[in-house]
Structures are given as structure tokens and as C-alpha cells.
Amino acid sequence: MLLHLKKIFTPEQVKEIREHLNSAEWLDGKLTAGNASKDQKTNQQLAQNNPLAIKLGDFILQTLGQREDFMSSALPAKIFPPMFNRYEGGGAFGFHVDNAIRQVPNTPVKIRTDLSMTLFFSEPDEYEGGELIIEDTFGQQKIKLPAGDMVLYPSTSLHKVTPVTRGARVSAFFWLQSLVKDNEQRRTLHQLDQSIQALRQDLGEDERVQNLIWVYHNLLRQWSATN
């Protein structure tokens, strides 16, 4: 399931975030690449312990926690702290798959990467190239979203970022472990939840709606794990 979540941040919020990021200290992105993908990665990143990265990451997570579309589609159990990258001057990241397990820095907490997220902070016309190409059972998708929008997709997907030949592509990227590991089960629950919300608009708290809510929660109980 690939989802485009619109307007996570307003244009004013994006502008403020970009001003902070433009003055930040960027490091070679190879420092955080896995052994298999290091040779394919040419970008810059903020250090994970950079105070700005921590502050902006917390702001992102607080904002997402208030988004019903995110909570319904992702069913997050644990979220890896957001990281920030910048591609420019031909920077790219070849086809790769994300590491299955991530350890939160300076903690014993490990996260199974079920879903990957990219939150864009550059407008599409600010840079040439830089498309996020995702390949999975839904086919190949080319992603280049407005600033403030986010794409959510299975971490099992093979993906790459094409070379940025003009301007700079700035974004946040991170992963989460879902309460529901299986992508198809998670998609079924999301579709069921959307149907329930639509029926509520027409029928209110009708008994038929309540029966569907009963089905939803019993499926969630059957399919979910909290550890």
C-alpha cells in the first residue's frame, strides 16, 4: 500500500523548517548507509544527535500523531526518529531496500521497519531529478511531491532517488513498526476504517455501523501485536 498524505505542514511551516535546515551543518550521507548501499548513496544528512534534527523530528511526530489518515493507514506501534537529507549537485541513491531492523540511537530499542516515509520540504520546481522511484507489487511509482506532503510505502519495496541535477531536494525520512505487520491485513483494516467513517457521515451511530466497528476491532485484535 502506497499512500500520499497531503499537507502535513502548511506553506508557512515548511518555510520556517527550511530556514532552519538551510543553516544547519550537513554531513556526508554515507556515514549512515548500510554496507550494501553505501556505494550507491551520494547525499548529505544531519547528524542524528544534531539538536535541530531532534527538535524538528519531535515536531514531525507530534504533527503526525494528530493526523487521522496517518494513524489509520499506518497503525504505528514504534517510530524511528526522523532523519533529514539533502540531494544536490548530482546526488542520488541507487536501488536498495531498507534495513529490516533499526536500533534507535543511544537506546536498546529496536524497530522492525514495516513502513518507510519521506516528507518533502522542497517544491518540485525547485530541483531537477530527485524522483523517488518505488518498485513493488503495485508496480513502479515515480514520486515527487509538493513541499509539506509525505509518501508512506512498504519498507519491503525496492526504491531509489534519481540524480538531482539542479537545485536541492530536502526531505525527512524515517520508518515505523506497525501494530499490524502484514501489509495486506493493514490495507484491509484501513479500507474498512475508511468505509466506516463514510457510513457514519450518512447513518450516524446506526446499528449497522456499530456492527462494522465490532468487526474492525476484532480483526485488529486478531492481527495486531504490541511488542
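Any Cβ shown, glycine's included, is placed from N, Cα and C.
With His96, Asp98 listed by TrEMBL as binding Fe cation, the candidate from His20, His159 annotated for that site turns out to be His159. Per-residue pLDDT, averaged along the domain 'Fe2OG dioxygenase' (78-178), amounts to 97 for this model.
Annotated pair His96 (Fe cation binding site) and Arg169 (2-oxoglutarate binding site), C-alpha to C-alpha distance, rounded: 19 Å. Annotation for the binding-site residues His96, His159, Arg169: lowest Cβ count within 10 Å of the residue's own Cβ, His96. Remark: Asp98 (Fe cation binding site) has Thr113, Ser116, Ser155, Trp175 as non-local neighbours, by Cβ distance under 8 Å and separation of at least 6 in sequence.
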